Amino acid sequence: MQCDRLWHNARLATLAESRPGLGLVEDGVIAARDGRILHAGPTAEAPSFAARETIDCEGRWITPGLIDCHTHLVFGGDRAQEFEARLAGASYEEIARAGGGIVSTVRATRAASEDDLVAGALRRLDALIAEGVTTVEVKSGYGLSLAAERASLRAARRLGAERDVTVTTTFLGAHALPPEESDRDRFIDRICAEMLPAIAQEGLADAVDAFCEGIAFSPVETARVFEAARDAGLPVKLHADQLSNLGGAALAARFGALSADHLEYTDEAGAAAMAQAGTVAVLLPGAFYFIRETKVPPVDLFRRHGTRIALATDCNPGTSPLTSLLLVLNMGATLFRLTVEECLAGVTREAARALGRLHDLGTLEAGKWCDLAIWDIERPAELVYRMGFNPLHARIRRGR
């Protein structure tokens, strides 16, 4: 059988659900043609391949390329001054209510050119790519006007043209009330009637998100945005239950959301509803750490009900200025007590599920895109165990 590239003498963590645990294969081979995997499994079970190029992995471990399924990479400015205010005792909510927080980034983002937004985002993206990330989700939400949201989403799309990485984009118009607007209902009307339909028609977004929280939007307002997204044919996801329990997890489940994210205050009913709906719990330990939260997401409830768990950086200027998915692995284990298997699945298979891309990403299986990360490690647990450590040997996207 013909193939373009063949990686042999490798150990595989396939993350395939057809295999137990991490889907480990001690003597493995991966064959790819036209960017997709033809075979990923034991050498003894592989067909005879005639490869244009053969790569000896010398016993290294191969995982699926890593997926960062929740980021805000496109923004202007920074929020270092707010960091100092928090160190002096101000809370995230106090800063937001005083006109800082998201709104301060909105001002900086609107003032930046699209080229400047791309340049800043590329620096952050490059840090993720250097650790084996092959797919990244990028949200808007720092424009909060049709023109500025368009510019942010165009900038996000350009990242995929500038770098060898798959970029999925999410319209987060319902992130905060913009500084020029005082009427929440009127702003939600504008999102639903003007912004979201235009962005959907222009193909700038793959999904729609909202921030359902006391300092942002209510469940009723969020539901209006989700109904408009459904009318536009776009899937939804939700920033939910981060600072309080407004029933965001259950709301996300009611709309069949791809994911609900943060979830520190989610209750058992929310966890059960998410499991029933197939909504992935995306946990964001970087934000938990950075704003010094104390309430841990209910991981035991997610396990009990079979809710899938993913991990992501939540890279953003205010609450998680983090561009290391490897550090997120360690944080997920140490802060949230996730297992090694849950952590590694959370940045591969379950992250793909959270983006609605499990059919072609997230595991090493025939038919999926050949996105690989090759590591200089003795065992996969090292990726979770060590900090400040990047053992990436090679990163392959679409077989190249």
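Keep in mind that glycine also has a Cβ here, set from the backbone N, Cα and C atoms.
Taken from Swiss-Prot, the feature Zn(2+) binding site covers His70, His72, His239, Asp314. The feature Fe(3+) binding site is assigned by Swiss-Prot to His70, His72, His239, Asp314, with sequence analysis given as support. Per Swiss-Prot, the feature 4-imidazolone-5-propanoate binding site maps to Arg79, Tyr142, His175, Gln242, Thr319. If you look up Swiss-Prot, you'll see Tyr142, Asn316, Gly318 marked as N-formimidoyl-L-glutamate binding site, on the strength of sequence analysis.
What Swiss-Prot annotates, mapped onto the structure for a quick look.
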residue: His70; record: Zn(2+) binding site; Cβ contacts under 8 Å, 6 or more apart: Glu137, Lys139, Ser259, Asp261, Val282, Leu284, Ala312, Thr313, Asp314, Ala354
residue: His72; record: Zn(2+) binding site; Cβ contacts under 8 Å, 6 or more apart: Val138, Lys139, Gly141, Tyr142, Leu172, Asp314, Cys315, Asn316, Pro317
residue: Arg79; record: 4-imidazolone-5-propanoate binding site; Cβ contacts under 8 Å, 6 or more apart: Gly100, Gly101, Ser104, Thr105, Pro317, Gly318, Pro321
residue: His175; record: 4-imidazolone-5-propanoate binding site; Cβ contacts under 8 Å, 6 or more apart: Ile102, Ser140, Gly141, Tyr142, Leu144, Asp209, Ala210, Phe211, Ala216
residue: His239; record: Zn(2+) binding site; Cβ contacts under 8 Å, 6 or more apart: Asp209, Ala210, Phe211, Cys212, Glu213, Ala216, Gly248, Asp261, His262
residue: Gln242; record: 4-imidazolone-5-propanoate binding site; Cβ contacts under 8 Å, 6 or more apart: Glu213, His262, Leu263, Glu264, Tyr265, Ala287
residue: Thr319; record: 4-imidazolone-5-propanoate binding site; Cβ contacts under 8 Å, 6 or more apart: Tyr92, Ala287, Phe290, Ile291
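Just so you know, the Cβ of Asn316 (N-formimidoyl-L-glutamate binding site) picks up 25 other Cβ atoms within 10 Å once every protein chain is counted. His239 (Zn(2+) binding site) carries a strand DSSP state (E or B). For the binding-site residues Tyr142, Asp314, Gly318, counting C-beta atoms within 10 A of each C-beta gives the highest total at Tyr142. In the three-state DSSP reading, Asn316 (N-formimidoyl-L-glutamate binding site) counts as strand.
Across the residues the record lists as binding 4-imidazolone-5-propanoate (Arg79, Tyr142, His175, Gln242, Thr319), the two Cα atoms farthest apart are 20 Å from each other. Same-chain residues with CB within 8 A of the center of the His70, His72, His239, Asp314 CB atoms, the Fe(3+) site residues themselves not counted, are Thr71, Lys139, Asp261, His262, Leu284, Ala287, Ala312, Cys315, Asn316, Ser320.
Those residues of the chain, other than Tyr142, Asn316, Gly318, with a C-beta within 8 angstroms of the mean position of the N-formimidoyl-L-glutamate site C-beta atoms are His72, Phe75, Arg79, Ile102, Thr105, Gly141, Pro317, Thr319.
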